[in-house]
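A short write-up of the structure that comes next.
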């Protein structure tokens, strides 16, 4: 009796595991599509977000949504086939197509984040050049096209082969049978791009830290021969006193070193405090997205290195499954991170969707005049 009940128990456990896996994949798919589509609509509808950084973020969110829509249903289908024993994982053509799409979206995110890091550095370190040349939509369009072109060149032809029978990774990262180091080149290029992105942000951190050092003010004394103070250290008080009628003697000379601030193109100053805070918030948000990309793709890249360089069985199956699921989670986590790190996005979201506001916020936004109705 005990032996007869064991197969049924194992079958029930496998069915429960399959149901949990399909439910989790469905949840990831829905969260990714809902978050990325909502984020894209917010950027398109809000005019204050029509700037180059948010255009790049829009492209990143659309790519994540397409990746979730293309890859997660294939993983769900492979899981159902493996559980029902209805056939092997996808054939050679299907496996190469899935491998190409996975490599394309992965490299697109890596190259786009590298371009974003470079533009963030220019926005802080060379703000005048960035404001004149790179702040519009043409720069964002060029970066997006370059990211897609480089990703297409890196992912085509597919270098991944169907080497595993696991339903989580039906197209596992394997070395080619003829010994061509295709998968190894794929991994090395990805590591170089991600490492270069973090080096750019590290250089930006050093730049901000060097400019935060307090330097003592060097006071230049004003020149005075007849009580009319002028020169580099003059504050204009003597001229103001003379104009008000408190002075005697000749008219003081014009102050040196004061340039009139006009509305022209050359009148734009360096990075002021509010602009600096806005650029810093954008840098924090994009670096959080870049760091999460490294943390969620890092375990899978390490496992792939071990499978390519050592042997396919060198990686424990539990670690490989967990690393693959982390890459699935990366497709839907970017909108959450952006809303957490960017106050401007939260304000625009409340303005575009008033139904999501709390009652206290709504009452503060639309006050009611009780005296006007006699209360």
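Using the three backbone atoms N, Cα and C, a Cβ is placed for every residue, glycine included.
Small disclaimer: the values here were computed from a predicted structure and weren't measured.
Residues or ranges marked as topological domain 'Extracellular' in Swiss-Prot: 1-23 (among others).
Beyond the ends of the transmembrane segment (24-44), by six or more residues, the same chain brings 50, 54-55, 57-58, 61-62, 64-65, 68-69, 72-73, 75-76, 79, 328-329, 331-332, 334-336, 338, 345, 348-349, 352 to within a C-beta distance below 8 angstroms of the stretch. Summarising the annotation, Swiss-Prot assigns transmembrane segment to 24-44 (among others) and lists sequence analysis as the type of evidence.
Annotation source Swiss-Prot lists topological domain 'Cytoplasmic' at 45-55 (among others). Residues of the same chain lying 6 or more positions beyond the ends of the topological domain 'Cytoplasmic' (45-55) and with a Cβ under 8 Å from any Cβ of it are 116, 119-120, 134-137, 139-141, 144, 282, 286, 344-345, 348, 351-352.
Residues or ranges marked as transmembrane segment by Swiss-Prot on the basis of sequence analysis: 56-76 (among others).
The feature topological domain 'Extracellular' is assigned by Swiss-Prot to 77-97 (among others).
Residue 95 (disulfide bond) carries a helical DSSP state (H, G or I). In this view, residue 95 (disulfide bond) is surrounded by 21 other Cβ atoms within 10 Å of its Cβ, with every protein chain counted. According to Swiss-Prot, the disulfide bond annotation covers 95-171, on the basis of sequence analysis.
Residues annotated as transmembrane segment in Swiss-Prot: 98-118 (among others). Through the fold, the transmembrane segment (98-118) approaches residues 53, 56, 59-60, 63-64, 66-67, 70-71, 74, 90, 143-144, 146-148, 150-152, 154-161, 170-171, 186, 189-190, 193-194, 196-197, 200-201, 204, 286-287, 289-290, 293, 297 of its own chain, all at least 6 residues removed from its boundaries and within a Cβ separation under 8 Å.
As annotated by Swiss-Prot, topological domain 'Cytoplasmic' applies to 119-139 (among others), with the evidence given as sequence analysis. Sequence-distant contacts of the topological domain 'Cytoplasmic' (119-139), counting only residues of its own chain at least 6 positions beyond either end whose CB sits under 8 Å from a CB of the stretch, comprise 50-53, 55-56, 200-201, 203-204, 207-208, 265, 268, 270-271, 275-276, 279-280, 282-283, 286.
Look at Swiss-Prot and you will find 140-160 (among others) tagged as transmembrane segment, backed by sequence analysis.
Among the features that Swiss-Prot reports, topological domain 'Extracellular' is placed at 161-181 (among others), with the record citing sequence analysis.
Here Swiss-Prot flags 182-202 (among others) as transmembrane segment, drawing on sequence analysis.
Across the residues of the topological domain 'Cytoplasmic' (203-285), the predicted structure has a mean pLDDT of 63. Feature annotation from Swiss-Prot assigns topological domain 'Cytoplasmic' to 203-285 (among others).
For 286-306 (among others), the entry in Swiss-Prot reads transmembrane segment, with the evidence type sequence analysis. Remote same-chain residues near the transmembrane segment (286-306) are listed as 53, 57, 60, 106, 109-110, 113, 116-117, 120, 173, 183, 187, 190-191, 194, 197-198, 201, 314-315, 319-320, 322-324, 326-327, 329-330, 333-334, 337-338, 340-341 (criterion: CB distance under 8 Å, separation of at least six residues from the stretch ends).
Helix, strand and coil counts under DSSP for the topological domain 'Extracellular' (307-320) come to 10 helix, 0 strand, 4 coil. Under the heading topological domain 'Extracellular', Swiss-Prot lists 307-320 (among others), citing sequence analysis as support.
Summarising the annotation, Swiss-Prot assigns transmembrane segment to 321-341 (among others).
If you look up Swiss-Prot, you'll see 342-375 (among others) marked as topological domain 'Cytoplasmic', on the strength of sequence analysis.
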